[in-house]
Amino acid sequence: SGGLGESHSLFLPLSSYFCFVSCSFHTQIRPSSLSVPAFQPSTPIPERLEAVQRYIRELQYNHTGTQFFEIKKSRPLTGLMDLAKEMTKEALPIKCLEAVILGIYLTNNMTTLDRFPISFKTHFSGNYFRHIVLGVNFGGRYGALGISRREELMYKAPVFRTLSELIFDFEEAYRRCWHTLKKVKLGHCVSHDPHSVEQIEWKHSILDLDKLTREDFRKELERHARDMRLKIGKGTGPPSPTKDRKKDVSSPQRGQASPHRRNSRGDRRPSGEKKPADSKAMPDLNGYQIRV
């Protein structure tokens, strides 16, 4: 039920949240009962990822239709990490974009883990839907962290040998929900420095499945995986510059380099792709809703 999102923007004061939810949705609120995962140095990365995912899951998916945290994807990483810290204090239900920010925050100390955003656009019953997860790569195995209304569209253990295997697994999960995957957007690796003033590169590669054969789709996914490895190998990935100013940093506007792939953070959308009608009111969050 429902389409891409609400046509209006509501930011409910946190002080009003408890009455709102308990009266309207009968949701049990537990602002101080959840503990942020803490690990011993010897704890294996896969076990840490499972604990992080459990924490995200225990926050619960936000079904209220009200956004509790305003996320601007153009903010520098340090600002997003401050917001993630606030999420852990409030312990309110979250949606998929908030889960990605929280996943980055909770894995910052896992320096051998590569993290990168993966966005999906699907079609179902005349409507388009958007979703985002945090892709991870540890020891050459891919997985994902996140939250969704559907269990199969969130956590993926780091067991996939290639990036394409991971994406194809998500595609099959969508198919079981009667959704057709239309586009995949892949970002570059996120810095482990919580004080970085750089922006997250959300969509280095944009893959339109209507314009790609199955084999071309696989090749583009593996090309993106190689790009990430090369960027880290050359030292152009994490770590990055630390915070030296308070204001957010906006990336410059640049031209489009390729119909499928982006070479810089500042590239704009392809000319044929329009933003959702409510993107001005809710630029970052309302588009990411999956209702099946």
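Glycine residues also receive a Cβ, built from the backbone N, Cα and C atoms like all the rest.
TrEMBL annotations: computationally assigned, not manually curated.
Copied over from TrEMBL:
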ACT_SITE  C96  active site
ACT_SITE  H131  active site
ACT_SITE  S148  active site
REGION    226-292  region 'Disordered'
COMPBIAS  264-278  compositional bias 'Basic and acidic residues'
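Feature map: TrEMBL annotations on the structure.
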residue: C96; record: active site; Cβ within 10 Å: 25
residue: H131; record: active site; Cβ within 10 Å: 26
residue: S148; record: active site; Cβ within 10 Å: 22
DSSP state at S148 (active site), helix/strand/coil: coil
For H131 (active site), what is the secondary structure by DSSP, using just helix, strand and coil? strand
